[in-house]
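These notes concern the structure reproduced below.
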Amino acid sequence: MSLPAVLLGNALTWRRQFHQHPELGYQELQTSEQVADVLTQAGLQVFRGLAGTGVIGTLENGPGPVIGLRADMDALPITEKGDAQWKSTRPGVMHACGHDGHTTILLAAACQLAETRNFRGTVHFLFQPAEENLGGARKMVEEGLFTRFPMDAIYAMHNWPGMPVGSLAVNPGAMMASLDSFEITLHGKSCHAAMPESGADPMVVAAELILALQTIPSRRLSPLASAVVSVTQISGGEAINVIPEQIVLRGTVRCLQSDVRDRVRALIEDFVTTLPRPFGVSGNIHWYPGYPVTANHVAPAEQVRAVACQLLGESQVEWQVNPSMASEDFACMLEACPGAYFWLGADGATPSAPLHNARYDFNDALLPIGITFWQQLVEHVLPKG
(Lines of atoms letter the chains of each structure in order from A and count residues from 1; the text may use other names and numbers.)
(Lines give C-alpha, C1' and ligand atoms only; values in the text may rest on other atoms or scores of the structure.)
Protein backbone atom coordinates (compact mmCIF):
# COMPACT_ATOMS: atom_id res chain seq x y z
CA MET A 1 0.00 0.00 0.00
CA SER A 2 2.83 2.33 -0.98
CA LEU A 3 1.76 5.73 -2.28
CA PRO A 4 3.90 8.83 -2.86
CA ALA A 5 4.18 10.97 0.26
CA VAL A 6 3.44 14.08 -1.78
CA LEU A 7 0.19 12.56 -3.05
CA LEU A 8 -0.91 11.58 0.45
CA GLY A 9 -0.06 15.05 1.73
CA ASN A 10 -2.08 16.63 -1.06
CA ALA A 11 -4.98 14.29 -0.37
CA LEU A 12 -5.07 15.23 3.31
CA THR A 13 -5.00 18.92 2.40
CA TRP A 14 -7.77 18.52 -0.19
CA ARG A 15 -9.97 16.55 2.18
CA ARG A 16 -9.79 19.16 4.90
CA GLN A 17 -10.29 21.99 2.42
CA PHE A 18 -13.43 20.30 1.12
CA HIS A 19 -14.59 19.81 4.71
CA GLN A 20 -14.03 23.46 5.60
CA HIS A 21 -15.94 24.66 2.54
CA PRO A 22 -18.97 22.36 2.17
CA GLU A 23 -21.56 23.01 -0.51
CA LEU A 24 -25.12 21.74 -0.84
CA GLY A 25 -26.44 19.77 -3.80
CA TYR A 26 -26.19 21.51 -7.19
CA GLN A 27 -24.24 24.32 -5.47
CA GLU A 28 -20.83 22.59 -5.51
CA LEU A 29 -19.19 25.43 -7.43
CA GLN A 30 -15.97 25.76 -5.45
CA THR A 31 -15.64 21.99 -5.02
CA SER A 32 -16.12 21.21 -8.71
CA GLU A 33 -13.74 24.01 -9.70
CA GLN A 34 -11.00 22.57 -7.49
CA VAL A 35 -11.65 19.04 -8.76
CA ALA A 36 -11.47 20.17 -12.39
CA ASP A 37 -8.25 22.12 -11.76
CA VAL A 38 -6.49 19.13 -10.17
CA LEU A 39 -7.64 16.76 -12.92
CA THR A 40 -6.45 19.16 -15.61
CA GLN A 41 -3.05 19.54 -13.95
CA ALA A 42 -2.77 15.74 -13.81
CA GLY A 43 -3.25 15.56 -17.58
CA LEU A 44 -6.78 14.20 -17.78
CA GLN A 45 -9.41 15.35 -20.26
CA VAL A 46 -11.98 17.25 -18.21
CA PHE A 47 -15.66 17.64 -19.02
CA ARG A 48 -18.00 19.84 -17.01
CA GLY A 49 -21.69 20.68 -16.89
CA LEU A 50 -23.52 17.36 -16.52
CA ALA A 51 -26.16 17.91 -13.83
CA GLY A 52 -24.87 21.46 -13.49
CA THR A 53 -21.81 21.06 -11.31
CA GLY A 54 -20.79 17.54 -12.32
CA VAL A 55 -17.18 16.92 -13.40
CA ILE A 56 -15.82 14.00 -15.43
CA GLY A 57 -12.13 13.37 -15.85
CA THR A 58 -11.12 10.89 -18.55
CA LEU A 59 -7.83 8.98 -18.56
CA GLU A 60 -7.06 6.96 -21.68
CA ASN A 61 -4.24 4.46 -21.95
CA GLY A 62 -4.61 2.61 -25.21
CA PRO A 63 -7.50 0.53 -26.58
CA GLY A 64 -9.49 -1.62 -24.19
CA PRO A 65 -12.56 -1.69 -21.96
CA VAL A 66 -13.99 1.47 -20.43
CA ILE A 67 -14.98 1.78 -16.78
CA GLY A 68 -16.24 4.55 -14.51
CA LEU A 69 -15.44 5.37 -10.89
CA ARG A 70 -17.85 7.68 -9.10
CA ALA A 71 -17.67 9.95 -6.04
CA ASP A 72 -20.32 12.27 -4.60
CA MET A 73 -19.44 15.89 -3.75
CA ASP A 74 -22.37 17.46 -1.87
CA ALA A 75 -22.77 18.32 1.81
CA LEU A 76 -25.77 18.39 4.14
CA PRO A 77 -27.81 21.22 5.73
CA ILE A 78 -26.48 20.50 9.25
CA THR A 79 -24.63 22.78 11.66
CA GLU A 80 -21.35 21.11 12.62
CA LYS A 81 -20.74 20.54 16.34
CA GLY A 82 -17.23 19.10 16.12
CA ASP A 83 -14.13 21.07 17.08
CA ALA A 84 -11.59 20.04 14.44
CA GLN A 85 -9.33 22.77 13.05
CA TRP A 86 -10.85 22.05 9.63
CA LYS A 87 -14.43 22.48 10.90
CA SER A 88 -16.98 23.83 8.43
CA THR A 89 -16.74 27.58 7.89
CA ARG A 90 -20.29 27.73 6.51
CA PRO A 91 -23.03 27.93 9.16
CA GLY A 92 -25.75 25.35 8.65
CA VAL A 93 -23.78 23.31 6.11
CA MET A 94 -21.33 20.47 6.75
CA HIS A 95 -19.91 17.28 5.28
CA ALA A 96 -21.75 14.89 7.58
CA CYS A 97 -21.69 11.91 5.21
CA GLY A 98 -18.06 11.81 4.14
CA HIS A 99 -18.46 13.05 0.60
CA ASP A 100 -15.40 15.24 1.20
CA GLY A 101 -13.46 12.01 1.71
CA HIS A 102 -15.03 10.22 -1.25
CA THR A 103 -14.15 13.13 -3.55
CA THR A 104 -10.59 13.29 -2.22
CA ILE A 105 -10.00 9.54 -2.61
CA LEU A 106 -11.17 9.53 -6.23
CA LEU A 107 -9.27 12.72 -7.06
CA ALA A 108 -6.03 11.33 -5.63
CA ALA A 109 -6.59 7.99 -7.38
CA ALA A 110 -6.94 9.81 -10.70
CA CYS A 111 -3.63 11.58 -10.08
CA GLN A 112 -1.92 8.33 -9.12
CA LEU A 113 -3.22 6.42 -12.14
CA ALA A 114 -2.21 9.29 -14.43
CA GLU A 115 1.35 8.76 -13.17
CA THR A 116 1.55 4.96 -13.09
CA ARG A 117 -0.63 4.09 -16.12
CA ASN A 118 -0.36 0.40 -15.31
CA PHE A 119 -3.60 -0.43 -17.11
CA ARG A 120 -4.94 -0.69 -20.64
CA GLY A 121 -8.21 0.98 -21.54
CA THR A 122 -10.10 4.07 -20.37
CA VAL A 123 -11.21 5.26 -16.95
CA HIS A 124 -13.85 7.95 -16.43
CA PHE A 125 -13.64 9.60 -13.00
CA LEU A 126 -17.15 10.87 -12.18
CA PHE A 127 -17.62 13.59 -9.59
CA GLN A 128 -21.35 13.75 -9.00
CA PRO A 129 -23.38 16.56 -7.43
CA ALA A 130 -26.47 16.29 -5.28
CA GLU A 131 -26.53 12.74 -3.94
CA GLU A 132 -28.43 13.74 -0.80
CA ASN A 133 -32.08 13.26 -1.86
CA LEU A 134 -31.71 15.54 -4.88
CA GLY A 135 -31.08 12.86 -7.50
CA GLY A 136 -27.81 14.03 -9.00
CA ALA A 137 -27.04 10.56 -10.34
CA ARG A 138 -30.39 10.32 -12.10
CA LYS A 139 -29.90 13.79 -13.57
CA MET A 140 -26.49 12.84 -14.94
CA VAL A 141 -27.99 9.73 -16.54
CA GLU A 142 -30.91 11.70 -17.98
CA GLU A 143 -28.51 14.27 -19.42
CA GLY A 144 -26.67 11.58 -21.37
CA LEU A 145 -23.92 10.29 -19.09
CA PHE A 146 -23.77 6.82 -20.62
CA THR A 147 -24.48 8.07 -24.14
CA ARG A 148 -21.63 10.57 -24.08
CA PHE A 149 -19.37 8.34 -21.99
CA PRO A 150 -20.22 4.69 -22.73
CA MET A 151 -18.89 2.34 -20.05
CA ASP A 152 -18.60 -1.39 -19.61
CA ALA A 153 -18.92 -1.08 -15.82
CA ILE A 154 -19.14 1.55 -13.09
CA TYR A 155 -18.13 1.45 -9.41
CA ALA A 156 -18.70 3.55 -6.28
CA MET A 157 -17.74 3.36 -2.61
CA HIS A 158 -19.03 4.81 0.66
CA ASN A 159 -17.30 5.09 4.01
CA TRP A 160 -19.20 3.08 6.61
CA PRO A 161 -19.19 3.75 10.38
CA GLY A 162 -19.77 0.55 12.33
CA MET A 163 -17.13 -1.32 10.32
CA PRO A 164 -13.43 -1.08 11.24
CA VAL A 165 -10.93 0.75 9.07
CA GLY A 166 -9.28 -1.76 6.76
CA SER A 167 -12.48 -3.73 6.12
CA LEU A 168 -14.77 -3.77 3.09
CA ALA A 169 -18.29 -5.08 2.46
CA VAL A 170 -19.91 -5.90 -0.88
CA ASN A 171 -22.85 -7.98 -2.09
CA PRO A 172 -23.63 -9.71 -5.38
CA GLY A 173 -27.06 -8.09 -5.16
CA ALA A 174 -28.85 -5.48 -3.06
CA MET A 175 -26.67 -3.15 -0.97
CA MET A 176 -29.13 -0.34 -0.21
CA ALA A 177 -32.91 0.00 -0.21
CA SER A 178 -35.16 1.86 -2.60
CA LEU A 179 -36.65 5.13 -1.38
CA ASP A 180 -40.08 6.54 -2.15
CA SER A 181 -42.09 9.18 -0.32
CA PHE A 182 -45.79 9.86 -0.07
CA GLU A 183 -48.26 12.54 1.00
CA ILE A 184 -51.69 11.44 2.17
CA THR A 185 -54.53 13.94 2.55
CA LEU A 186 -57.58 12.98 4.62
CA HIS A 187 -60.70 15.10 4.03
CA GLY A 188 -63.36 15.14 6.76
CA LYS A 189 -65.97 17.58 8.04
CA SER A 190 -64.99 20.20 10.58
CA CYS A 191 -67.10 20.64 13.70
CA HIS A 192 -66.98 21.62 17.38
CA ALA A 193 -64.79 19.26 19.40
CA ALA A 194 -67.64 18.87 21.90
CA MET A 195 -70.01 17.62 19.19
CA PRO A 196 -68.00 15.14 17.06
CA GLU A 197 -71.20 13.48 15.84
CA SER A 198 -71.91 16.54 13.70
CA GLY A 199 -68.70 16.16 11.70
CA ALA A 200 -66.36 13.56 10.23
CA ASP A 201 -63.08 13.37 12.13
CA PRO A 202 -59.96 12.92 9.93
CA MET A 203 -57.73 12.88 13.04
CA VAL A 204 -59.15 9.54 14.19
CA VAL A 205 -58.72 8.17 10.68
CA ALA A 206 -55.12 9.39 10.64
CA ALA A 207 -54.43 7.44 13.83
CA GLU A 208 -56.06 4.31 12.40
CA LEU A 209 -54.21 4.69 9.12
CA ILE A 210 -50.80 5.13 10.74
CA LEU A 211 -51.30 1.87 12.63
CA ALA A 212 -52.72 0.10 9.59
CA LEU A 213 -49.70 1.01 7.46
CA GLN A 214 -47.45 -0.72 9.98
CA THR A 215 -49.26 -4.00 9.27
CA ILE A 216 -48.01 -3.96 5.69
CA PRO A 217 -44.47 -5.18 6.48
CA SER A 218 -45.61 -7.42 9.36
CA ARG A 219 -48.81 -8.97 7.98
CA ARG A 220 -49.21 -8.29 4.26
CA LEU A 221 -45.70 -9.22 3.09
CA SER A 222 -43.70 -12.39 3.41
CA PRO A 223 -41.44 -12.43 6.49
CA LEU A 224 -38.59 -12.89 4.01
CA ALA A 225 -39.37 -9.59 2.29
CA SER A 226 -37.69 -6.38 3.45
CA ALA A 227 -39.70 -3.18 3.75
CA VAL A 228 -39.97 -0.20 6.09
CA VAL A 229 -43.03 2.08 6.03
CA SER A 230 -42.58 5.20 8.15
CA VAL A 231 -45.06 8.04 8.70
CA THR A 232 -42.76 10.90 9.65
CA GLN A 233 -44.97 14.00 9.53
CA ILE A 234 -48.56 14.78 10.50
CA SER A 235 -50.18 18.18 10.20
CA GLY A 236 -53.67 19.59 10.59
CA GLY A 237 -55.89 21.52 12.94
CA GLU A 238 -55.52 25.04 14.28
CA ALA A 239 -57.85 25.48 17.24
CA ILE A 240 -57.87 23.21 20.29
CA ASN A 241 -61.68 23.06 20.33
CA VAL A 242 -62.23 22.36 16.63
CA ILE A 243 -62.07 19.01 14.86
CA PRO A 244 -60.14 19.84 11.69
CA GLU A 245 -61.45 19.38 8.20
CA GLN A 246 -58.17 18.06 6.83
CA ILE A 247 -55.13 16.09 7.99
CA VAL A 248 -51.96 15.55 5.97
CA LEU A 249 -49.59 12.63 6.56
CA ARG A 250 -46.16 12.30 4.99
CA GLY A 251 -43.67 9.50 5.07
CA THR A 252 -41.29 7.17 3.30
CA VAL A 253 -41.13 3.61 2.04
CA ARG A 254 -37.91 1.62 1.72
CA CYS A 255 -37.60 -1.84 0.17
CA LEU A 256 -34.85 -4.22 -0.91
CA GLN A 257 -36.74 -5.90 -3.76
CA SER A 258 -38.35 -4.16 -6.73
CA ASP A 259 -41.45 -6.37 -6.67
CA VAL A 260 -41.92 -5.67 -2.95
CA ARG A 261 -41.63 -1.96 -3.70
CA ASP A 262 -44.52 -2.21 -6.18
CA ARG A 263 -46.57 -4.33 -3.77
CA VAL A 264 -46.16 -1.90 -0.87
CA ARG A 265 -47.25 1.03 -2.99
CA ALA A 266 -50.40 -0.81 -4.08
CA LEU A 267 -51.25 -1.75 -0.49
CA ILE A 268 -50.78 1.81 0.81
CA GLU A 269 -52.98 3.19 -1.96
CA ASP A 270 -55.65 0.61 -1.12
CA PHE A 271 -55.59 1.53 2.58
CA VAL A 272 -55.87 5.25 1.79
CA THR A 273 -58.87 4.66 -0.45
CA THR A 274 -60.81 2.17 1.66
CA LEU A 275 -60.00 2.69 5.35
CA PRO A 276 -61.49 6.23 5.73
CA ARG A 277 -64.89 5.40 4.20
CA PRO A 278 -66.67 3.99 7.28
CA PHE A 279 -65.72 7.18 9.13
CA GLY A 280 -67.26 9.46 6.50
CA VAL A 281 -63.79 10.62 5.50
CA SER A 282 -62.11 10.45 2.10
CA GLY A 283 -58.42 10.05 1.36
CA ASN A 284 -56.06 10.60 -1.53
CA ILE A 285 -52.36 10.03 -1.94
CA HIS A 286 -49.56 11.59 -3.95
CA TRP A 287 -46.66 9.23 -4.56
CA TYR A 288 -43.14 10.52 -5.15
CA PRO A 289 -40.87 7.84 -6.62
CA GLY A 290 -37.31 8.21 -5.39
CA TYR A 291 -34.27 6.00 -5.75
CA PRO A 292 -34.46 2.38 -6.89
CA VAL A 293 -32.77 -0.48 -5.03
CA THR A 294 -28.98 -0.19 -5.14
CA ALA A 295 -28.46 -3.63 -6.65
CA ASN A 296 -24.96 -4.76 -7.62
CA HIS A 297 -24.27 -6.83 -10.70
CA VAL A 298 -22.54 -10.11 -9.89
CA ALA A 299 -19.39 -9.86 -12.04
CA PRO A 300 -18.39 -6.32 -10.96
CA ALA A 301 -19.14 -7.20 -7.32
CA GLU A 302 -16.86 -10.23 -7.62
CA GLN A 303 -14.13 -7.98 -9.05
CA VAL A 304 -14.44 -5.69 -6.02
CA ARG A 305 -14.25 -8.70 -3.72
CA ALA A 306 -11.17 -10.11 -5.44
CA VAL A 307 -9.26 -6.82 -5.22
CA ALA A 308 -10.33 -6.29 -1.60
CA CYS A 309 -9.16 -9.77 -0.58
CA GLN A 310 -5.79 -9.15 -2.19
CA LEU A 311 -5.39 -5.69 -0.64
CA LEU A 312 -6.97 -6.14 2.78
CA GLY A 313 -7.00 -9.90 3.35
CA GLU A 314 -9.94 -12.29 3.09
CA SER A 315 -10.78 -11.95 6.79
CA GLN A 316 -11.40 -8.23 6.29
CA VAL A 317 -13.86 -8.66 3.42
CA GLU A 318 -17.57 -9.24 4.06
CA TRP A 319 -19.32 -10.96 1.15
CA GLN A 320 -23.13 -11.09 1.17
CA VAL A 321 -23.33 -8.61 4.04
CA ASN A 322 -26.76 -7.55 5.30
CA PRO A 323 -27.94 -4.65 3.12
CA SER A 324 -28.80 -1.26 4.58
CA MET A 325 -32.34 0.10 4.53
CA ALA A 326 -30.90 3.55 3.78
CA SER A 327 -30.81 4.63 0.15
CA GLU A 328 -28.26 5.75 -2.42
CA ASP A 329 -28.80 7.46 -5.78
CA PHE A 330 -25.91 5.54 -7.38
CA ALA A 331 -28.72 3.01 -7.86
CA CYS A 332 -29.83 5.06 -10.87
CA MET A 333 -26.45 4.51 -12.51
CA LEU A 334 -26.58 0.79 -11.74
CA GLU A 335 -29.94 0.59 -13.53
CA ALA A 336 -28.27 1.97 -16.66
CA CYS A 337 -24.87 0.25 -16.50
CA PRO A 338 -23.43 -2.89 -14.87
CA GLY A 339 -21.48 -2.08 -11.75
CA ALA A 340 -20.94 -2.42 -8.02
CA TYR A 341 -21.25 -0.31 -4.89
CA PHE A 342 -19.40 -1.17 -1.69
CA TRP A 343 -18.63 0.05 1.83
CA LEU A 344 -15.25 0.85 3.35
CA GLY A 345 -15.02 0.54 7.14
CA ALA A 346 -14.67 3.91 8.89
CA ASP A 347 -14.24 3.10 12.60
CA GLY A 348 -10.83 3.67 14.15
CA ALA A 349 -9.86 3.05 17.78
CA THR A 350 -12.71 5.38 18.72
CA PRO A 351 -15.95 4.54 16.88
CA SER A 352 -17.04 7.14 14.35
CA ALA A 353 -20.09 9.27 14.92
CA PRO A 354 -22.97 8.10 12.72
CA LEU A 355 -23.44 9.41 9.21
CA HIS A 356 -25.61 12.55 9.07
CA ASN A 357 -24.61 13.39 12.66
CA ALA A 358 -23.45 16.90 13.58
CA ARG A 359 -20.28 15.47 15.17
CA TYR A 360 -19.33 13.20 12.27
CA ASP A 361 -15.98 13.66 10.53
CA PHE A 362 -14.46 11.53 7.79
CA ASN A 363 -11.68 9.26 9.07
CA ASP A 364 -8.52 10.27 7.20
CA ALA A 365 -7.06 6.80 7.80
CA LEU A 366 -9.28 5.72 4.90
CA LEU A 367 -7.46 7.93 2.39
CA PRO A 368 -4.53 5.61 1.54
CA ILE A 369 -6.79 2.55 1.62
CA GLY A 370 -9.36 4.08 -0.73
CA ILE A 371 -6.79 5.52 -3.12
CA THR A 372 -4.91 2.22 -3.34
CA PHE A 373 -8.14 0.27 -3.76
CA TRP A 374 -9.20 2.37 -6.76
CA GLN A 375 -5.75 2.02 -8.28
CA GLN A 376 -5.71 -1.76 -7.85
CA LEU A 377 -9.30 -2.16 -9.07
CA VAL A 378 -8.47 -0.33 -12.29
CA GLU A 379 -5.35 -2.46 -12.78
CA HIS A 380 -7.39 -5.61 -12.09
CA VAL A 381 -10.32 -4.79 -14.39
CA LEU A 382 -8.15 -3.23 -17.12
CA PRO A 383 -4.99 -5.38 -17.05
CA LYS A 384 -2.12 -4.18 -19.16
CA GLY A 385 -1.37 -7.72 -20.28
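Just so you know, glycine gets a Cβ as well, placed from its N, Cα and C.
Unlike curated entries, TrEMBL annotations are predicted automatically.
Feature annotation from TrEMBL assigns Mn(2+) binding site to Cys97, His99, Glu132, His158, His356. Residues annotated as domain 'Peptidase M20 dimerisation' in TrEMBL: 180-275.
Take the mean position of the Cβ atoms of Cys97, His99, Glu132, His158, His356, the recorded Mn(2+) site; other residues of that chain with a Cβ within 8 Å of it are Asp72, Asp74, Leu76, His95, Ala96, Gly98, Glu131, Leu355. Counting residue by residue with DSSP, the domain 'Peptidase M20 dimerisation' (180-275) contains 39 helix, 33 strand, 24 coil.
Counting every protein chain shown, 19 other Cβ atoms lie within 10 Å of the Cβ of Glu132 (Mn(2+) binding site).
Most buried of the binding-site residues His99, His158, His356, judged by other Cβ atoms within 10 Å, is His99. According to DSSP, His356 (Mn(2+) binding site) sits in a coil region rather than a helix or strand. Residue environment of Cys97 (Mn(2+) binding site) contains 23 other Cβ atoms, counted within 10 Å of its Cβ in all protein chains. In the three-state DSSP assignment, the secondary structure recorded for Glu132 (Mn(2+) binding site) is coil.
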